[in-house]
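Notes follow the structure.
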Amino acid sequence: MEAVECGAASLTMVLGYFKKFVSLEEVREKCGVNRDGSKASNLLKAARSYGLNAQGYRKDTESVVDLTMPLIIHWNMNHFLVLEGCHNGKYYLNDPAGGRRTVDRDLFNRSFTGIAIAFEKKREFQPSGSRQMTLDHFKKLLNKYKPEIAYTSFLGFMMTLPTLFTAWLAKVFLDEIWLNGRTHWLLGVLLGLLAVAGLRGLSNYIYRILNYRLLEKIRLSENSRLIWKTIHLPANFFMQRYAGDVSARVKNVDNVTAFIAIDLINGFAAWMAIIVFIVALFHYNRLLTFLILTLFIINLVILAWNTKVQEGMNNRISMSNMKLMGASISDIQLIETIKTTSSEQAFFEKWAGYQGKLINEKQEASADIQGLMNLPLLMSMLATVAVLYTGGYLIIHGDLTVGALVAFQSIMASFFASSTTLNEVGMKLPKILADMKRIEDIYYYPDLQSKEASEEVDLDGGVIFEGSLKVENLTFGFTPFEDPLIRDFSLELKPGQRIALVGGSGCGKSTIAKLISGIYKPWSGEIYLDERPVRTLPKSIVNKAIAMVDQEIVLFEGTVGENISLWQQDIDEVKLIQAAKNACIHGDIISRGGYEHRMLEEGQDFSGGQRQRMEIARVLLQDPSVLILDEATSALDPATELEIDKNLRRLGYTCIIVAHRLSTIRDCDEIIVLDKGKIVQRGNHDSLLEQEGLYRELIKAM
């Protein structure tokens, strides 16, 4: 759960209280969550759309408890959470950032901002859905690798069996060889111990090899699956999250796979061993076994309670870690801005704040963890004292032999070692569940990409579009319950035509470009490519036919050729060079050592204009039918810009141009002037100059 999703998450909890189980992904869309979060008014509208009568109130600490629970309340001026109840000055909260917790009146009074949203069911409200469990995906992973997990766990269990044989040999040595003088058995006992040691060493070696192979198999499969799913998610997903947070999910996958391949298998093996140990201990003495089982059950109860308590804490740690990583990556990306504005101190203080919060939360959690880690040791010491005292009493009265007591203690030590393994698995489980929630955020996010066409399209045959484009009544906004940013936008281009979109900042030019390119999905309206609705075409075909170069230049550490071709192995070198020539960057590349020259991260060893031309070359290489240029030549000098423009005209691309330079737009077949998402003027350069209006004002300001 993201920090900005607190409102949507709180509403999801309230809906669950009324037995209407809806995914967070769906509620997030309803509430129009973006990187700034969501507004209380949107929560009200979203709740009403689900059949709840939602009403906002301004209340103080005393009067808010008179409202019908549960409530969504505003907390610390920047957060939404659920107030579930109040009793004897204690307020029971369900915080999306950290789970259930109880606060006193003083803290509630300082944190509650006075805004509360109350809910009640409308007559038409219908409960629906089922509760989504975090363990669902975990179970799927276990089922997927069930055979590997089963035989590796069984091998781990088999490693414990030599313990029983060793204990029996110890009993034989004490009772038969030492006390009864059967010294001729000594060689057999020693050979048995050597055989057990060899068998244990061999099985441990095989077990570790299988563990490692299973870990790498799961890690490779799940990381690939996560990355594949991530890159196929719609743009809205990334608009609501920071780059550092998304990249951190790979680490979450590593944590989960390591838990399954190592810790969980050790846990399964420990459980099987514990069952066998209990049977063996009963064989030696039932009374002593009951003493051990009593301590073991106490240990399990405390472990289960601690797992529940730690879940909320681990959610908060996961959230704080995400913020810290996001801040770190952001600072590195903005290092030039930080240097030029002398903002090192401010950025460091922000980063240190996130770091301090994370350290405090980890220290708070570690106190409980350290106590839990010592619990098996405490239980083992208590068991040792109880077994020695009771066992000594039984030996004195002839109900137990010395050898049996030693064998019992040997098995008991292995029993509590297995118990310690279970404790370690239990301590890691809350953190793994928190990681799993963040992974499920990707897996369960609805894929809004265009569906594959039902008709067959010969991808290998090279589908060629003429380049006609038609946009009909396109409407789009970022928040469902607010007025759309773009309303009823239409345009039509014939093959080879050029249309320019102009207007002031924030008028919707870039948004329209992203709608046509398929980055955003419109609320309504239709886009046609060669008279075929784009939504009916395979996404791969659309992406090849409609290409876009925007203001954000994305280059990576690698060769120049890799940056332009994006690792496509089937790219002809001749086509690569021709694309670079058409983008007027070929000469610069040759002067740097050619297409095998390794670039620095983000192309820092090239100028802004050179990086921009590489972006253009990358798009020209795919030979699109429609080309969208969103300030794609803003860093170029007029002569280079003119040369690229001539090349684009020669290639015959249908072009949509977003620009402010007069030289870029004046020769377009049509110029569309936008203001607040609406078309206010359209025509060619000369006709628009003759009219009083926004276009003339923009030209004068150039």
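Positions of Cβ are set from backbone N, Cα and C atoms, glycine also.
Going by TrEMBL, these are the annotated features:
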- 2-119: domain 'Peptidase C39' (DOMAIN)
- 149-170: transmembrane segment (TRANSMEM)
- 154-431: domain 'ABC transmembrane type-1' (DOMAIN)
- 185-207: transmembrane segment (TRANSMEM)
- 256-281: transmembrane segment (TRANSMEM)
- 287-306: transmembrane segment (TRANSMEM)
- 375-396: transmembrane segment (TRANSMEM)
- 402-422: transmembrane segment (TRANSMEM)
- 469-701: domain 'ABC transporter' (DOMAIN)
Touch test for the transmembrane segment (256-281) and the transmembrane segment (375-396), at least 3 Cβ pairs under 8 Å: no
Contact yes or no, the transmembrane segment (287-306) and the transmembrane segment (149-170), 3+ Cβ pairs under 8 Å, gap 6+: no
Chain residues outside the transmembrane segment (402-422) and at least six past its termini with a C-beta under 8 angstroms from it: 160, 163-164, 166-168, 170-176, 179, 266-267, 269-271, 273-274, 277-278, 280-281, 284-285, 288, 292, 296, 299-300, 303, 376-377, 379-380, 383-384, 387-388, 391-392, 394-395
Long-range Cβ neighbours of the transmembrane segment (149-170) (under 8 Å; 6 or more residues past either end): 142, 189, 192-193, 196, 199-200, 203-204, 206-207, 210-211, 214, 260, 264-266, 268-269, 272-273, 276-277, 280, 403, 406-408, 410-411, 414, 418
PLDDT averaged over every residue in the domain 'Peptidase C39' (2-119): 85
DSSP-assigned states of the domain 'Peptidase C39' (2-119) in counts, ordered helix, strand, coil: 44 helix, 44 strand, 30 coil
